Amino acid sequence: MTQDLITQRLDQGPLICAEGFLFELERRGYLSAGEFVPEVALLRPDALEALHRDFQHAGSDVVQAFTYNGHREKMRVIGKEDLLEPLNRAALKIARKVADEKPGNLMAGNISNSNVWDPEDPAAQQSVRAMFDEMVQWAVEEGADFIIAETFYYAGEAQAALAAIKAQGLPAVVTLAPMAENRMVDGPGIVETCVSLEQQGASVVGLNCFRGPDTMRPWIQQIRDAVSCHVAALPVTYRTTEQEPTFFNLSDNHGCSCPAPHGRAFPTALDPLFCNRYELGAFARDVHAQGVNYLGVCCGASPMHVREVAMAVGREPEGAQFAERMENHFMYGTHERLPEHIAALGEKA
């Protein structure tokens, strides 16, 4: 049996995939928080292309088309269903353009949680499948190398997404995003769902989003032990805990004097709960040592985090030339030309 492209690449070693477009583009001022619709592909394609290039420079091997939340139902919510296909095709074309400019890069189409899936409503399921079908079709027509189906908290929806991809003959990376109950909302276990997805033809299974490094790590080990295909691990950049396993209900206990008006840290007041670069690097090293080769970062990701993940598993991206060189810091460095009396100020600064 001939292996698919994504499996071939992963058999050779780590493949880095930058996600997290929603949060980073919102930080840069090109996307509305809460609504989280990727209109930037039409309104400011230059900004989207710039972020793709920044992630690429940082070490991402995959240029993922930014069509997350760009499905028919979400476009209806904002009253712009007529822009559905133009938005998708614009995002796909931008991703293909950027990927083609760097040898070895892959371009991925993207489908994701619809937020209208209902395990008790066959009509809702058919509607979601139709949304997946049209988005995958556009991705195929715009030259996607494979499809990422991500952020699923219903096992049935993940399986429907996989079926839509397999119907078009492209390799599928399918990643789950379980809620805090540590199982899929429709009942199946997390590991059980990954095993099922592998059996149904996914090239890669795993987790993305919702969970930071500390609460994703143990599940990745269990998934790795249970499946024979490649495994994906793409955490958010926030310090989730056993008590608060996802970033949706993280508490800010850092003395914030101006909390978010909507009453929770997610999604616009998570800043004090940010992981540092070393935490993301440590996560990547840990799961890579467990046999995980599909690595990345999801919501909260910046190019710095992507670079740290890439370098943690032995990659040397273009951005590595700008990795930290603390030895040359004016106060905390060790270079022989740094005056001792200035270095002595380090404990008083």
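Every residue, even glycine, has its Cβ placed from backbone N, Cα and C.
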Which of CYS209, CYS229, CYS256 does TrEMBL put in the same Zn(2+) site as CYS298, CYS299? CYS209
Give the sequence-ordered set of same-chain residues, not counting CYS209, CYS298, CYS299, with Cβ within 8 Å of the centre of the Cβ atoms defining the Zn(2+) site. GLU19, GLY20, PHE23, THR151, ALA177, ASN208, PHE210, LEU234, PRO235, VAL236, VAL297, GLY300, ALA301
CB within-chain contacts under 8 A for CYS298 (Zn(2+) binding site), separation at least 6: GLU19, GLY20, ASN208, CYS209, LEU234, PRO235, VAL236
